[in-house]
């Protein structure tokens with residue numbers, strides 16, 4: 001019928017737009033690392049070409065994002081002495097697992113979840129690129145990895161193809177691959193919840209708070225979206241077929257925190273990325289600011305004021321995870 005055909009076409013269109021967005025992000029990462037903003041020897045195996053020049057304010061914005069997310073991730077690993085698990089929701093072509101192995105900061109197990117077609121693409125890259133597959137084999141106790149079209153499982157790393165809006169399906173797949181509710185668990189999401197309706201994202205973060213008694217959820221996404229700059233961002237994304245279904249949660253830092261505090265998390269805090277940029281070690285900021293000349297510093301400031309990191313915690317094991325957050329005086 002027409003209705004069914006329209007639904008199928010809309011679904012294909014949605015996934016294609018999402019895959020394009022992931023590749024765009026990967027290209028920015030590839031370009032920024034080629035310029036020396038940060039080091040990532042693995043992104044080249046997911047996107048070959050450095051691609052066209054990216055604006056300096058974009059590169060600095062992604063630098064702040066990477067530094068901010070990595071700070072909280074690494075702090076959680078050190079706080080738990082790596083006796084924990086990580087779940088990267090909407091992981092895309094992220095290379096964090098390989099970085100953690102190189103830095104000897106591996107959790108007990110690192111899980112990644114994304115749409116089946118994204119998971120399949122990543123699995124293909126891993127299978128065909130020895131620098132990606134070798135670290136998996138080195139951390140695996142048997143001769144063979146569990147592999148199918150949309151999932152990969154080893155002792156320390158797992159990719160799962162799933163829809164984050166389908167909580168029962170997500171829960172079943174994570175249990176199948178031995179996610180342990182008793183272990184301290186860190187959830188990561190970067191510009192993922194904003195593509196879900198507020199009801200859908202609330203159900204996801206509620207599931208995480210109900211299922212895990214000691215956990216942290218770190219979410220990077222848009223904020224302050226009610227002003228003119230925010231409206232222009234939304235319009236630009238819509239032109240690229242990226243509909244921000246959850247943008248109403250991105251009104252302010254308070255609305256970002258409320259999503260977690262209303263769904264069972266004990267504590268929540270948030271900072272906009274301009275603040276994060278100001279508390280990153282300033283000697284490294286000075287280094288990256290020398291890489292490219294930035295003419296319009298006001299544009300960078302506006303951009304950073306419209307993204308945020310929000311983190312929420314539950315701490316039954318009394319690990320003191322609330323001490324992981326940023327403060328304005330001390331970053332490390």
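Cβ coordinates come from backbone N, Cα and C, glycine included.
What you are looking at is a predicted structure, and each value in this text was computed from that prediction instead of being measured.
Straight from TrEMBL, the features:
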TRANSMEM  6-29  transmembrane segment
BINDING   65, 90, 163, 164, 190  S-adenosyl-L-methionine binding site
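Listed in sequence order, the residues of the same chain lying 6 or more apart from residue 164 (S-adenosyl-L-methionine binding site) and placing their CB within less than 8 Å of its CB are 89, 90, 113, 170, 192, 196, 200, 204. In the structure shown, the C-beta of 190 has more C-beta neighbours within 10 angstroms than that of any other entry among the binding-site residues 163, 190. Taking a C-beta cut-off of under 8 Å and a sequence gap of six or more, residue 65 (S-adenosyl-L-methionine binding site) has these contacts in its own chain: 190, 220, 273, 307. The Cβ neighbour count for residue 90 (S-adenosyl-L-methionine binding site), using a 10 Å radius and every protein chain shown, is 21.
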